[in-house]
Amino acid sequence: MTKVTVSDLIQKFQDFAPESLAMGKDPVGLHFGSLDQVIHKVLLTLDVRPEVVEEAIEKDCDMILAHHPPIFKAPKRLTEDDPQQAMYAKIIRHGIAVYAAHTNLDAAWGGMNDWLAEAYDIEETEVLYSYQENKNYRLKVYLPQEDLATYQAGIFAGGFGQVGNYDHVAFTSTGQGHFRPLAQAKPHIGSLQEDSAVDEVVFSFLVDQKELPAALDLARRLHPYEEAVIDVLPLANQGQAQGIGRIGQLKQPMSFRDYVNLVRERTGVDALRAVVWDWDQEVKRVAVLGGSGADEYPYALAKGADVYITADVSYHTGHDMIANRLNVIDPGHHMESICKEKLGQVLASWIEAEDWTLTYTSSQLNTDPFTFVY
């Protein structure tokens with residue numbers, strides 16, 4: 001079994017939901033604690049509230065993994081007379097690390113909005129609102145023919161050369177390399193101050209933008225030449241859109257009235273709000289954006305959504321939605337509490353794969369500040 005540090009967990013999270021996906025000045029990342037801190041038990045939560053911190057202490061958790069960042073605006077002072085600031089002091093006093101994955105988790109493929117789409121029977125999804133593109137690159141490496149097998153095995157062992165449902169994907173071609181080692185060189189092949197012509201192979205493979213630095217580092221370290229020859233070619237014809245929200249087809253078309261009830265049941269609430277243009281409209285295409293997504297409803301309209309699911313719809317925005325003939329379901333911001341279960345599944349897979357001495361638990365607290373009164 002392997003001990004786990006905060007840094008180890010963040011590194012895995014960077015592969016899953018890179019902080020670079022976060023929108024604008026969203027304060028994602030480590031809010032409390034040290035990267036070198038060894039952790040044993042993680043509490044998964046939607047919000048970091050004083051009662052959640054108490055729960056973490058009671059359950060002997062030394063790390064909290066949250067969706068909503070505990071510090072959106074830096075406080076000007078820390079006094080324990082203020083409940084929120086007293087919570088910060090308690091986190092520090094008990095040595096609890098706190099990591100927040102907010103809009104980076106919203107945008108990540110296999111993250112928040114994919115979880116919600118699955119919960120609400122939305123299939124064949126694409127990004128609703130794209131603000132980044134994860135570009136693809138082709139690395140072309142020039143090396144001697146006799147070194148190809150060892151080099152290729154090292155690249156594949158590093159996890160590169162995967163395209164969709166295939167791995168060990170690469171292309172090779174042959175040619176001649178020409179060079180002359182200068183006086184200070186330490187050539188792998190050839191002699192100082194003499195022109196050389198070597199039969200070489202070009203080994204090329206695909207990487208995406210987030211993999212590029214690691215791929216280049218490995219490609220250079222494995223290369224037999226003193227000066228590795230590597231071309232990095234951006235691909236204009238490939239790249240996966242990155243953004244928040246998803247839109248797709250409803251698994252089984254139904255009336256808006258019936259779909260409202262399905263969403264209510266799947267969210268696990270007794271009641272929710274709906275902006276109703278037509279109760280009887282047949283729902284085929286649905287957009288979902290977890291959290292406060294009312295301002296993004298024009299993207300749902302532009303992509304042909306019959307229904308838009310999001311939270312925190314305001315009075316006047318609701319009027320605008322009706323005027324644009326759009327049915328909307330607002331299950332509440334707490335719809336994102338699905339992250340507790342789903343992050344648990346993600347964390348469990350990492351623990352098994354890495355053989356970590358780490359356990360986790362989901363917060364049992366309902367941090368939704370709103371209550372429906374019937």
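Glycine is no exception: its Cβ is also placed from the backbone N, Cα and C atoms.
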Listed in TrEMBL for the divalent metal cation site shared with His67, His68, His333, Glu336, one of Asp15, Asp106, Asp114: Asp106
Additional residues around divalent metal cation, ordered along the sequence, whose Cβ is within 8 Å of the centroid of His67, His68, Asp106, His333, Glu336: Leu46, His102, Leu105, Met112, Gly290, Gly291, Cys339
Candidates Asp106, Glu336: member of the binding-site residues with the richest Cβ shell (10 Å): Asp106
